[in-house]
Amino acid sequence: DKVRSNGYPMEVHSVETQDGYILGVHRIPYSPSNGPAANKPVVFLQHGLLCSSNDWVILGPGKGIAYLLSDLGYDVWMGNARGNSFSKNHKKLNPKKGDFWEFSWHEIGYYDLPAMIDYVLAKTGQSSLNYVGHSQGTTSFFIMTSLRPEYNSKIRAMHALAPVAFMSNMPNPFFSALSPFVQKENILKKLIGSFEFLPSSKMFSLAGQTLCTDQSIVQGVCSSILFLIAGFDQENMNLLPEILDVTPAGASINQLIHYAQSYTSGKFRQYDWGVTKNLIKYTSLSPPDYPLNKITAPVNLYYANNDWLAAVKDVQILASKLPNLVYNKMVPFHKFNHLDFLWAINVYELVYADLIANIQKY
């Protein structure tokens, strides 16, 4: 509705995954400034942890990346991962029951992205698209293109904002609070809530004490788990009410546990179910690493110095393992953080101008 009220057309599509989840996908087919046309090039935008397709439009026309791309003549599609507010459906499972939530970002990369990308290409008649991911939207992309390498040819280029794969160097109070419990999944699930991730007061006291006693930080931030996880820069937060209105958009506790495992292990690998279940699932004691050498699609990386989830050192490890890295940019502003890639007042000058130029190359 936000998109329509700004004068842009918006379509809502339903996509079913191979394992039965029903995902909501949003499309801005054209902009008031350029009207409908056949054969528009497609850009697919995929949100991060605890977020949704709302991320790309919160800044509004002339600023939000979905609008900017639409104005430039792109057919803009925005995905939603299983479990968020637009994708809480399944052909058999009930979102109020635990078995609906038995997934991490592994399944988002293995099932959700391929289903959405195939749907978008079929609908538009295009053979490939530009992919823009933020945060978990990059993690899931690296899973898809490493484990299902046939999808590389469907990607003109990947544009990774705040890419998250390796995580052991991040200065993150939230994950360092969780990491001692990583091997004790039952304790962690009690602490956080067992299926859907809805933050409990216990967890806030773990991660939030240091942040929320600081009077200089807007109180709304302390009421949003998103900021506790991703960090916050007051200078850029003129949009707080709109952001708090649409986040957190829902996730499975296993998505957080999987990130906490990455933080602890220093590896980018599949979900660790514990020795017994690992043997059954993977025929090995520990989970297999994602084979990043299979990612042949061109990858552009954009990262920042003040990012609590995608630390510069970790992004550099990722960069060294990507066979087709074509662009590698650290945002030239020391305070720029994980969520600034979506909502900072200066995001156009610092990121989007380059991002758009790179999309236009493909």
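Each Cβ is built from the backbone N, Cα and C atoms, and glycine gets one as well.
Listed in TrEMBL:
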DOMAIN    3-58  domain 'Partial AB-hydrolase lipase'
ACT_SITE  S135  active site, nucleophile
ACT_SITE  D307  active site, charge relay system
ACT_SITE  H338  active site, charge relay system
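Summarised as a single figure, the pLDDT of the domain 'Partial AB-hydrolase lipase' (3-58) averages 94.
Rounded to the nearest whole angstrom, the C-alpha distance between S135 (active site, nucleophile) and H338 (active site, charge relay system) is 8. Just so you know, the Cβ of H338 (active site, charge relay system) picks up 29 other Cβ atoms within 10 Å once every protein chain is counted. Of all Cβ atoms in the protein chains displayed, 30 besides its own lie within 10 Å of the Cβ of the residue listed as 'active site, nucleophile'. Counting in whole angstrom, D307 (active site, charge relay system) lies 5 from H338 (active site, charge relay system) by their C-alpha atoms. With DSSP classes pooled into helix, strand and coil, the tally for the domain 'Partial AB-hydrolase lipase' (3-58) is 7 helix, 19 strand, 30 coil.
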